[in-house]
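Taken straight from Swiss-Prot:
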- LYS12, TYR159, LEU160, GLU161, TYR162, SER163, GLY164, GLY189, GLY209, ASN210: sn-glycerol 1-phosphate binding site (BINDING)
- ASP14, SER40: Mg(2+) binding site (BINDING)
Amino acid sequence: MYDISGWKHVFKLDPNKELSDEHLEMICESGTDAVIVGGSDGVTIDNVLHMLVSIRRYAVPCVLEVSNVEAITPGFDFYYIPSVLNSRKVEWVTGVHHEALKEFGDIMDWDEIFMEGYCVLNPEAKVAQLTDAKCDVTEDDVIAYARLADKLLRLPIFYLEYSGTYGDVELVKNVKAQLKQAKLYYGGGISNAEQAKEMAQHADTVVVGNIIYDDIKAALKTVKAVKGE
């Protein structure tokens, strides 16, 4: 079994986006610590299975970040369950999770499941609109969400999600200083190695996503930038 606490760099692949076999191989053989499969819309059992089968040709750990209960399938190493802490809708905090546990609770392998406390900070992002996230927040608000995840809920992951725009480095630094046991994931807007390296100075794990589809070479360079190799 893999130890997620040591992951510094992960790629996130959207099953609803096209990725050539050649580029998928580059991603999986890049030296990244893991590949997360997940997206905000268009996630189906068919495209998740296609992605799983494709990734399983390689040795890299793979994680399903669950956004659609109907698209859950066995075969992933881990399952990340996001709870959007700054959502205005309870369904995205605990509601969907409650329904899933009613249906699948008896067959879930809890050693494979990790809850993520999300704080979504880009109001233009699909995930913000889908979950009705309250993005007009102060640094004190974000730190309070971090403490909620880390100290009250004891979640293993606190995820700062800027999704599509590069985040506030000073905020990321200050959030990291508040966390005692939760790992800080950062995702959003990383388009080059320099940005990846900058965020890696503060976040435990840097998530690289959209740039995969825009500039594969730039995406691959983020691995060494983050891991210092």
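Every residue, even glycine, has its Cβ placed from backbone N, Cα and C.
Not measured: the values here are computed from a predicted model.
Cα spacing between LEU160 (sn-glycerol 1-phosphate binding site) and SER40 (Mg(2+) binding site): 15 Å, rounded to the nearest whole number. The binding-site residues LYS12, ASP14, LEU160, GLY164, GLY209 differ in how many other CB atoms lie within 10 Å of their CB, and the one with the most is LEU160. Counting only the Cα atoms, the space from TYR162 (sn-glycerol 1-phosphate binding site) to ASP14 (Mg(2+) binding site) is about 16 angstrom. Of all Cβ atoms in the shown protein chains, 23 besides its own fall within 10 Å of the Cβ of TYR162 (sn-glycerol 1-phosphate binding site).
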